[in-house]
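What TrEMBL records for this protein:
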- His152: active site (ACT_SITE)
- Asp156, Gly157, Asn158, Gly159, Arg160, Thr161, Gly162, Arg163, Tyr191, Tyr192: ATP binding site (BINDING)
- 66-213: domain 'Fido' (DOMAIN)
Amino acid sequence: MLNRREAVDSSQIEGTHTGFDGLLIHEIEASSSSLPEDEDAEETLSYVRAFMYGIKEVTDRGQSALNNELINQIHSILMKGQIRATPGIPRDRQNYIGTRLETAHYIPPPADLVPQLLDDLVSLLQYEPEGVKEVSVLMRAPIAHVQFEAIHPFLDGNGRTGRLLLPLMLYAAGEPPLHLATFLKVRQQDYYAALLSVQMKLNWEPWIKLFLECSIASAKHTVQLFGHLRSIQIGWHEQLAAKKRRKHATIWKVVDLLIGQPVVTVTEVSKRLDVTFPAANDAIDDLVELDILRPNNTYKRNRVFQSHEVLNALYTGLDSVLDEAEAAANLSGF
């Protein structure tokens, strides 16, 4: 779920509007249709696919997977179908950040320098400590992110590709992944300003401070989220027990499924749990009656149901953990 939330929020930073529930519904519907109708949702789903590809590569090969080929392949998956973005191919002409070149906020290096600059970036991504000295991945990741965004190696999709590399660096280093895009979105204006401050003034402090605050907030929120989801699950079990639902009935399996998949259709439940369609349908009807599930009437192709409690938990408390992290940083004199 957190990887999908990351995909939603990183994509929304770039202007898409698909929410978490919309992504899950599109994912279900895309599996049964070769013609996705929602371009925003398909773009977000492409982020999920690129993320999953990257995770598999770094899980199998470690830091050696963090190379130019991986960066190009991630971009290719992210920008699939967007011909103008030349998916997976570094730019061959000048680009810029802004509405016009003449008034651009930032102009990246010329295209002929991109290959060498990417090679320099890869040496940081594949960093190996020398002797007893080691630079933590929590320091290398924000430096690599700024470096990637400064190079801006593609015509489009640089922000999403750069943010996707952050958790992949943590995976590759054997560390628990931090899902930072959600918190960077909460502080989106600070995020843009901090990157620009490094690029234009070589002032690293705002960006390093924001990155570490988001890292702390992500870790805290993940722990809180797991506790919250466990409480929700226990509450549902108590509801079912009070209604004297049989322990081996399909409904018990469905409530456990909802903790990790809060948006479902009857067909999806039937497939995931390997139960008959009528059994899945009866269980969902019972859960609607108990207000554990609610119908989502936005989508007409399938009957869609969602757990409002789980969806709310994913985004509850983001501001508070960020504020706590910022207060702690200020108190320490950072």
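For all residues, glycine too, the Cβ spot is worked out from N, Cα and C.
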Across the record's ATP-binding residues Asp156, Gly157, Asn158, Gly159, Arg160, Thr161, Gly162, Arg163, Tyr191, Tyr192, the largest CA-CA distance in angstrom?
19
Name the residue among the recorded positions His152, Asp156, Arg160, Gly162, Tyr191 whose Cβ has the smallest number of other Cβ atoms within 10 Å.
Asp156
Looking only at the domain 'Fido' (66-213), what is the mean pLDDT?
94
Which state, by DSSP, holds Asp156 (ATP binding site): helix, strand or coil?
coil
Give the distance between the Cα atoms of Gly162 (ATP binding site) and the residue listed as 'active site', rounded to the nearest whole Å.
9
Give the residue counts of the domain 'Fido' (66-213) per reduced DSSP state, in the order helix, strand, coil.
91 helix, 4 strand, 53 coil
Rounded to a whole number, how many Å is the Cα of the residue listed as 'active site' away from the Cα of Asn158 (ATP binding site)?
6
Under 8 Å Cβ-Cβ from Asn158 (ATP binding site), six or more apart in the same chain: what's there?
Phe148, Glu149, His152
